[in-house]
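Undergrad: Next up is a structure, given as structure tokens.
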């Protein structure tokens, strides 16, 4: 992007290949006009509507331009449209119409269930239904936007009556989201076999949560204001074809677990999961003041999901619900089975009952003002170029005085 | 509307005053240009953004045009822009970005709670928190659009394992929704005192529900596919100033109930409720085949709400969640304390355990294919013109074979 206008771009090393300028300078003239036109939009949505086949075509065209012998005029144009990443201002990549959040990590569901229902951590539906709920689309914010500590109504179990004030249990949730490419029309479903064709790409998502607000409000209709104050998304969207070398089968279900119902059964041998490494880092105000690097809170891998994104899409549309291009479908908090792989402070501090010490001696059970949470995700395999999802960052700002408008 | 283009209009008796044509013919030149321009949009959103003061101005200007002495040229123009209601094709009035559904009728919450938790019908948070959840915006449909019976995963308590198929417990929900006029920015809340200024107007909403899908999926994150296959909205939006003569105080809370926390306390004497009569009618295929009129299933009044729309808006934004112009905020199912005022079949048939007989001898516990549900709403008081919300209709179509796209 430049001139205050948002431009779409493809990340290549330390540069961004400006798709808008490329289309404007005739470098994409071999592509079909809808696809070329989509390259000049300020958001990815028109490109998403073109379908994954078209997106792969575009990717190949860009790679060709970057690698093939080109004449002096073309080199001059290429120099103009390769923008250094450093200094580029990144903006929200997608206009998200609808945001759905799943609960597809069985380790997360078990960890959280154990805190609230020690006798029955996993509810009877979990292994049959990819559990999900509608999130709030309006409060999706770009990585780097500060998150003001929200107010809300809370009632600790020890209190007789609820009170209203700033949350004392502010938390992050490490998630990965997929964006819908082509959608489906109302009344028709997306089959498990064709679900991947409807997924444009993936990003990092931090579904900030106020645990005390959530605990008091969530029955019987689920999370609401404990989540809807902010959800951060990373600026880069990695398309599915770029992830192809890192696709792996979903982990086999433990013996004794039911097989998914037919409408949720992936074709045999499908590489339904993604071998994507994930990390959560924390930078506190004190660390920044003393020029210390962020500390790692956890690490995990997206392949530990119990339900694949294809299963989530097939389930989501099994009742005929229509997905739109640009809709965001997130995994839910990603936790693994190992120690050190829990994707939220709720799990790490056991709902605040076991505060833990950071390397610099500070203590945390939930987030404090000035804390910056940094999510990172990347695919790497020997002999293959590393694919990074970039970062999803957010710093906790003090509560805004409860001012009204 | 005409010529295939959507036009905004004001309902006046048997006619629709075409705002687009009025603006185009210079009849609204006295109004500010943003307001005049909003009259030519195909949706109400730009008008909603102008604020309620501007909307009242527009309403007065239209009334003046219709009642004042006008010259022959003006009369000719007026004739052209008064479109007969009969024959007009109504379209979706608003582009809804976000849809929130509350649970603000205490009688409904109690009735439903009794079916699922006989020992504790109302959860401890109900009288403190206006309970709500995010609904699905993409599947909002206009009144008159058929509703295909959805498929889904269900598990009757008697079955060992869940199965996938068309719902056997399809239900309607009588609701009223408000549309957000001017919104609020992220991080800032709307005070209870100013909440009414942010409400543009009201419509009828039918939040279709598949009770068997909902019962199996809803824990712990709330309703999802049991609702997201379709929600019908009525084509007319009645603005708040038109409702002014019918505003009444919210029913006093029963003695012993807690007072709302300060952020949810309406100013003393506020007319926070609306005296709006509501009716649900059913027309079955057999009735239509024998030319019988629909039968009434229930009747109620919006004033029986436990939480007002102002309280819902103040609560919704209390964590800084941003509402956008055109967002839909629905009441949740409206039931009253009296027999015959339950706004869903779930309540009327006690979750299907007590089927009931219609006037023509047919039996119902949930909806059958071919059933048409008609919601009606109106305000009437002696000496005042009657204000109708029109109808919200939907006919149940057989399940679409589980075809995929």
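Here, residue 1 is simply the first one shown, and the rest follow in order.
Positions of Cβ are set from backbone N, Cα and C atoms, glycine also.
In case it's useful when we look at the structure, here is the feature table from TrEMBL:
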ACT_SITE  B:108  active site, proton acceptor
BINDING   B:101, B:173, B:175, B:207  Ca(2+) binding site
BINDING   B:103, B:117, B:214, B:218, B:333  substrate binding site
BINDING   B:207, B:227, B:231  Mg(2+) binding site
DOMAIN    B:5-87  domain 'Fumarylacetoacetase N-terminal'
DOMAIN    B:99-390  domain 'Fumarylacetoacetase-like C-terminal'
Undergrad: Out of the recorded positions B:103, B:108, B:333, which are near chain A, with a C-beta less than 8 A away from one of its C-betas?
TA: B:103
Undergrad: Neighbour count, 10 Å Cβ-Cβ cut-off, for residue B:333 (substrate binding site): what number do you get?
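TA: There are 30 such Cβ atoms around residue B:333 (substrate binding site).
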Undergrad: Just going by other Cβ atoms within 10 Å, which of the binding-site residues B:101, B:175, B:207 has the emptiest spot?
TA: B:207
Undergrad: Please list, for the domain 'Fumarylacetoacetase N-terminal' (B:5-87), how many residues fall into helix, strand and coil according to DSSP.
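TA: For that range the per-state counts are 43 helix, 12 strand, 28 coil.
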Undergrad: Where does residue B:207 (Ca(2+) binding site) sit in DSSP terms: helix, strand, or coil?
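TA: Looking at the DSSP assignment, residue B:207 (Ca(2+) binding site) belongs to neither helix nor strand, so coil.
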Undergrad: So what sits near residue B:173 (Ca(2+) binding site) in its own chain, CB-to-CB under 8 Å and at least six residues off in sequence?
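TA: The answer is B:205, B:206, B:207, B:208, B:209, B:332, B:333, B:343, B:344.
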Undergrad: When you measure from the Cβ of residue B:103 (substrate binding site), which residues in the chain that are at least 6 apart have a Cβ under 8 Å away?
TA: B:109, B:130, B:131, B:132, B:133, B:332, B:333
Undergrad: Sequence gap of 6 or more, C-beta under 8 Å: which same-chain residues meet both conditions with respect to residue B:214 (substrate binding site)?
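TA: In sequence order, B:223, B:226, B:227 meet the Cβ cut-off.
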Undergrad: Among the recorded positions listed here (B:108, B:117, B:227), identify the one with the smallest other-Cβ count within 10 Å.
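TA: Selected from the recorded positions B:108, B:117, B:227 on minimum Cβ neighbours within 10 Å: B:117.
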Undergrad: Other than B:101, B:173, B:175, B:207 themselves, what residues in this chain have Cβ atoms within 8 Å of the centroid of the Ca(2+) site's Cβ atoms?
TA: B:135, B:174, B:205, B:206, B:209, B:227, B:231, B:330, B:331, B:332, B:333
Undergrad: Non-local Cβ contacts of residue B:218 (substrate binding site) (under 8 Å, 6 or more apart, same chain)?
TA: B:224, B:226
Undergrad: If you draw a 10 Å sphere around the Cβ of residue B:231 (Mg(2+) binding site), how many other Cβ atoms fall inside it, taking every protein chain shown into account?
TA: 28
Undergrad: Among B:103, B:117, B:214, B:218, B:333, listed as contacts of substrate, what is the widest Cα spread in Å, to the nearest whole number?
TA: 18
